[in-house]
Structures are given as structure tokens and as C-alpha cells.
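Below is one structure, written out as C-alpha cells; the observations come after it.
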Amino acid sequence: MNWTELSIIINHEAVELATNILENHGSNGVVIEDSDDLINQPEDKYGEIYALKKEDYPDKGVRLKAYFNEMTYDDKLRQQIKDELLNLDELDQHNVQFSEQIIAETDWENEWKNYFHPFRASKKFTIVPSWETYAKEADEELCIELDPGMAFGTGDHPTTSMCLKAIETYVLPQHSVIDVGTGSGILSIASHLIGVKRIKALDIDEMAVSVAKENFRRNHCETLIEAVPGNLLKDETEKFDIVIANILAHIIDEMIEDAYNTLNEGGYFITSGIIKEKYEGIQSHMERVGFKIISEQHDNGWVCLVGQKVSE
């Protein structure tokens, strides 16, 4: 299987909306190459600085690189994406450039790794690629060694970062956790590092379960986390203190009642993957079911909600 790399050079004002369009149409990640970074060589909010190569960046504006499965990226999808981008009010249509290239499966396996380096995803958690060596900068730093494979995110998406921040705030060692749609297993590993002893990781995709198990092994918790195939919480009979779901909004909407029923009294539903246009509907549904919304995070057009199961 090959991959299509769609490369778009646009103005800064259109980056956020353009990125959302690409992700909503199924891009397996979006790389952002900002020409301003060459000038500023900025350090991130946790103090890390990376050496940047001029040849990797456009002369001006921002280059977005989106990756699509060649089997599903057809003329119809190509035109739909282009039409939506060109309809953005924020887009400078005089300076937009589109290009494509095919990346063979064997090249793709290594191409995405060029953009994945250790980074601090939240106050406590640092994500470390399995092929890199990293030394902790502080005693309280918790490192998650990750090899997401080609089909799963690297942990740098805003929804993952917000979930990690919520885990830092609400998950305690004495809690039990169920991670719905575990993907790479990153949120289960984070819960383990907090000290949680009972963790169950579910995913409907057996490949995800396999990838998660391998990442659990890398983080020395493969015997401590139960990783199993599962269709949301439809067949779940156990009770947990924490339900975590970083998945798409319409799927979250389907599982809100099941999440409430799965939680012990006083438990927390940590959920993200919600675009800002849909979060009010998700929040209202959670409140109707009985959740008290105790936290709301926004980051780059995405929202993370934390609801607590409380008695009337």
C-alpha cells in the first residue's frame, strides 16, 4: 500500500482551519512547516530548541503536508479538499500552492519518523520515540516511550495533550481506568505512570490492540494493562472510576450514556476528539445524562471535556 502526500503552501491566517479540513477528511497526520520558525528558531513552552534546516521550509508562508491512503484518496476527495480550502475566507488565494507525491510503503515507514522527536506533551508527561535516547530533565517528569506505527498518532495532537493534562489533574493511583479507543495506548501508559493499578484498554481495531500491547511492553507495563478488542462500552459489565475516550465527536455522542453507566459514583469521563463546532452538543448531552462538567479545555479548534458522575 502506498501513500499520497498532499503538500499545500498557504498563508499563516489559514493554517488552523486548513489543518482541520485535512484531518476531517482522513489525513493520517499533518506536518506543519512554518517559514517563520527559521527566523525565530523558537523554543517550545517547555524550553526545548531544535535545529531547523532551511531546505525543509517554504520561502514564505506555511507548508502543510497531509498523508492519505492511496486506496481512498481519489479524484473526488482531492477536489472536495481543494474546494473547501479555496472557500476559506482566511486563505490568500494568490499565494496558495498545491502539489502531490506518492510515498511507497517502505519509504512511508521511515518518512514520518523524521518529524517525531522527544517533546513535553504536558506538565508531567514527555513523549519519547522508541528509536531515540532521552535523559529526563526533572525528577517529576514522566516519560512515555512510544512507537505508534504508521496508523496512529505520535501524541502531539492537541486532543492527546489535553487528555494528558486531564489525567494529571483527575486520575489518582487508587483509581481504576478504562481507555476506550486506545490507539497507540498512550493514555493507558500515562495512567500507569500516575500509579494506577487497574487499567483496561479497548479498541475495535485489532491492529490498534497489537500496537498498544507493544507500547505497553516498551514501557514495562504489559502485564499490568489489559488490552482487548472492544466495541466502545456496549458489552462492558465492569465498573471503573475513570473512562477516557479520545475519539471522534459522533462516536463520543454514541457512548455518553454507556460511559455514565460504566462509572462508579464520583467517577470522571475524560473525553476529547471534539471539534469546537460540536462541543456544545456533546456537553449538553453529557449534562442531560447526569454528568457535571468540571473542566473544559480548548486548543487549536479542539475541545476536551471532563464530566463527573454525581448523584442528584
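Glycine is no exception: its Cβ is also placed from the backbone N, Cα and C atoms.
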Among ASP89, ASP92, ASP203, ASP299, which residue does Swiss-Prot name as a further S-adenosyl-L-methionine binder in the site formed by THR160, GLY181, ASN246?
ASP203
Counting across all protein chains present, how many other Cβ atoms fall within 10 Å of the Cβ of ASN246 (S-adenosyl-L-methionine binding site)?
27
Applying a 10 Å Cβ distance cut-off over all chains shown, what neighbour count does THR160 (S-adenosyl-L-methionine binding site) have?
26
Look at the binding-site residues GLY181, ASP203 and tell me which residue has the greatest number of other C-beta atoms within 10 angstroms of its C-beta.
ASP203
